[in-house]
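Trainee: Reproduced below are the annotations present in TrEMBL:
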type	residues	note
COMPBIAS	237-248	compositional bias 'Polar residues'
DOMAIN	37-502	domain 'Major facilitator superfamily (MFS) profile'
REGION	234-255	region 'Disordered'
TRANSMEM	33-55	transmembrane segment
TRANSMEM	75-95	transmembrane segment
TRANSMEM	102-120	transmembrane segment
TRANSMEM	126-148	transmembrane segment
TRANSMEM	160-180	transmembrane segment
TRANSMEM	192-210	transmembrane segment
TRANSMEM	321-341	transmembrane segment
TRANSMEM	361-379	transmembrane segment
TRANSMEM	386-405	transmembrane segment
TRANSMEM	411-434	transmembrane segment
TRANSMEM	446-466	transmembrane segment
TRANSMEM	478-496	transmembrane segment
Amino acid sequence: MYASREDIGYDFGDDSKVGSKPIKPNPNIDGGWAWMIVLSSFLVHILIMGSQMALGILNMEWLEEFNQSRGLTAWVSSLSMGITLIVGPFIGLFISMCGCRTTAIIGGILNALGWILSAYASNVHYLFLTFGVTAGIGSGMVYLPAVVMVGQYFQKRRALAQGLSTTGTGFGAFLMTALLKYLCTEFGWRNAMFIQGAISLNLCVCGALMRPLSRKDLCEKYVVRSESEENRAKALSHSTETMKSNGVLSEEPEKKEEAANEEVLGSVQHIEIGGKSGSGRSMYGLRILKTVSQLTVTVKKGFALWYSSYFGAASLFANRVFVAFIIWALFAYSSFVIPFIHLPEIVKQYNLSRQDNVFPLTSIIAIVHIFGKVILGIISDLPCISTWNVFLMANFTLVTCILTLPLMQTYVGLAVVCALIGFSSGYFSLMPVVTEDLVGTKHLANAYGIIICANGISALFGPPFAGWIYDITQKYDFSFYIAGLLYMVGIIFLLIQPCIQKKQPTEKSTEEAQV
């Protein structure tokens with residue numbers, strides 16, 4: 001799904017050669033350029049996820065500028081955050097056709113355009129289109145390649161690599177909160193968004209760093225991984241059959257398409273050779289025809305790969321734990337997003353703006369979030385620790401903090417709860433690892449795309465729902481209570497399904513023993 005044939009190329013060739021020759025460790029996997037990919041992903045998280053976590057500053061400016069309800073205004077931020085994650089499965093189509101690098105560069109331009117156009121907004125509905133949709137789609141086109149490329153370049157210590165790259169969210173939330181607050185104070189929110197749009201063009205640089213692995217590199221990586229999991233030969237043949245069934249290695253259509261392209265090219269060259277007798281218009285027309293035919297072939301291949309990946313992954317939904325994981329994702333992410341959007345308003349209501357200006361509560365969440373991701377990633381890599389247990393404990397801590405936050409009326413109390421929210425939300429770095437444990441490496445890209453899509457739906461409806469509850473009750477307390485209870489429902493689903501799956505084999509074994 002998230003890789004084109006340039007990014008993931010399976011060139012197995014002769015299996016006997018692969019089995020007979022010792023495989024040398026590739027310097028680009030788990031080292032070398034892999035750390036540049038981590039740096040690129042780190043910067044992407046700063047510029048995209050970090051700036052989205054700082055939207056509470058702009059949300060207050062929009063409330064004062066347009067005098068709309070909190071529920072309606074919150075849709076601007078939630079659209080941007082939600083669409084960034086929801087478009088994941090569809091961005092996979094672009095990656096299948098163009099590759100991660102090109103997709104990320106186009107996304108960086110689109111994201112910057114959304115920020116710049118939003119500076120000229122005349123009402124909230126205009127922001128829905130420019131910032132919510134345009135910048136949101138652009139963010140999604142950069143974010144997904146950044147996550148997927150780290151997974152491609154790392155085999156060992158993947159949890160640590162993901163943890164290091166995603167700490168950019170915490171750094172970004174801290175830096176962007178301070179930056180947007182300064183820019184809004186000095187230049188106004190419109191000029192602040194224009195400047196932020198110029199800064200977002202650096203996403204194109206991050207995309208340029210996403211150098212695709214060669215076919216040889218990725219072949220070696222997957223061969224090494226198959227050795228650790230099961231018999232190498234079986235894994236290779238199985239992968240080859242799978243790719244052939246999905247149309248990736250199907251040679252006959254490719255040969256036909258190449259023959260068609262060569263035929264068009266031959267026609268063009270024939271006219272060029274007899275240039276004096278042939279007309280210039282005919283030569284120009286054939287060149288356009290050649291370009292269109294090549295583009296059509298690329299689109300067909302990309303769509304076939306994307307379609308086979310997603311609709312061929314229907315077996316994922318037979319995994320009950322994975323379905324429970326999706327239900328959890330539908331409720332979980334909103335509990336993390338709501339404080340970032342509405343905390344500045346809560347601080348203003350509690351008359352704590354002076355303390356918050358010295359050290360904003362959202363910055364506390366962001367800084368501790370950095371340490372949470374790294375520490376939880378290191379802990380989960382320990383051989384005696386279960387990643388699943390670390391993941392569940394972090395979720396329990398986070399939901400407890402969400403339910404406790406409305407009870408705090410002082411800056412110190414809110415700061416302590418925000419610090420715990422930041423640390424426990426570090427479980428985000430474990431999500432790709434947990435997903436891989438549930439569905440396996442083969443379906444990781446598809447499964448993770450579905451999970452972050454569910455997170456996007458949660459981010460889309462969470463902040464507007466909290467604002468709507470405030471418009472009715474004139475308090476944010478019920479917003480956090482309801483969000484926390486829904487989050488707890490998702491955690492309960494995660495706890496129930498593994499117990500059911502453990503119970504079923506024991507029941508079957510007792511029945512077989514009786515027979």
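Each Cβ is built from the backbone N, Cα and C atoms, and glycine gets one as well.
Predicted, not measured: the structure shown is a model, and the values here were computed from it.
Are these features on the surface or tucked inside, and what touches them?
Mentor: Mean pLDDT, taken over the domain 'Major facilitator superfamily (MFS) profile' (37-502), works out to 79 on the 0 to 100 scale.
Beyond the ends of the transmembrane segment (102-120), by six or more residues, the same chain brings 44, 48, 91, 94-95, 126-127, 130-131, 133-146, 190-191, 193-194, 196-198, 200-208, 210 to within a C-beta distance below 8 angstroms of the stretch.
Below 8 angstroms of C-beta separation, residues 2-3, 40-41, 44-45, 48-49, 52, 62, 75-76, 78-88, 91-92, 94-95, 100-101, 103-104, 106-115, 117-118, 162, 165, 193, 203, 206-207, 210, 432, 445, 448-449, 452 of the same chain, each at least six residues beyond the ends of the transmembrane segment (126-148), sit close to that stretch.
Taking Cβ pairs closer than 8 Å, the transmembrane segment (321-341) reaches residues 53-56, 59, 74, 77-78, 81, 85, 173, 361-362, 365, 395, 398-399, 402, 405, 418, 421, 425, 434-435, 438-439, 447, 450-452, 454-459, 461-463, 465-466, 479-480, 483-484, 486-487, 489-491, 493-494, 496-498, 501 in its own chain, all 6 or more past its ends.
Distant neighbours of the transmembrane segment (386-405): 159, 328, 332, 335-336, 339, 372, 376, 379-380, 414, 417-418, 420-421, 423-427, 430-431, 433-434, 437, 480-481, 483-485, 487-488, 491, 494-495; these residues of the same chain sit at least 6 beyond its ends, with a Cβ under 8 Å from one of its Cβ atoms.
If you look at the transmembrane segment (446-466), the same-chain residues 6 or more away from its ends with a CB under 8 A from one of its CBs are 1-2, 71-72, 74-75, 77-79, 81-89, 92, 144, 147, 309-310, 313, 316, 322, 325-326, 329-335, 337-338, 341-342, 431-432, 435, 438-439, 476, 479-480, 482-483.
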Trainee: For the transmembrane segment (160-180), find every same-chain residue at least 6 residues outside the stretch whose CB is under 8 Å from a CB in it, and list them.
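Mentor: Residues 34, 38, 41-51, 53-54, 56-58, 146-147, 150-151, 153-154, 192, 196, 340, 360, 362-363, 365-370, 372-374, 376-378, 381, 422, 426, 428-429, 432-433.
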Trainee: When you scan the chain for residues with a C-beta under 8 Å from the transmembrane segment (192-210), skipping those not six or more beyond its ends, what do you find?
Mentor: 36-37, 39-41, 43-44, 47-48, 51, 58, 100-105, 107-109, 111-116, 118-119, 131, 138, 142, 145-146, 149, 179-180, 183-184
Trainee: Restricting to the same chain and to residues at least six past its boundaries, which positions have a Cβ under 8 Å from a Cβ of the transmembrane segment (478-496)?
Mentor: 321, 324-325, 327-332, 334-335, 338, 342, 392, 395-396, 398-399, 402-403, 405-406, 462, 465-467, 469-470
Trainee: Who are the chain neighbours of the transmembrane segment (411-434) in space, where the CB to CB distance is under 8 Å and they lie at least 6 residues beyond its ends?
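Mentor: Beyond its ends, the transmembrane segment (411-434) has Cβ neighbours at 147, 151, 158-159, 162-163, 166-167, 169-170, 325, 336, 339, 343, 347, 352, 355-356, 359, 361-362, 364-369, 371-377, 380, 387-388, 390-391, 394-395, 397-398, 401-402, 404-405, 444, 448, 451.
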Trainee: Using a Cβ cut-off under 8 Å, which residues of the same chain at least 6 positions beyond either end of the transmembrane segment (361-379) come close to it?
Mentor: 50, 53-54, 56, 159-160, 162-164, 166-167, 169-174, 177-178, 339-340, 343-344, 347, 385, 390, 394, 411, 414-415, 418-430
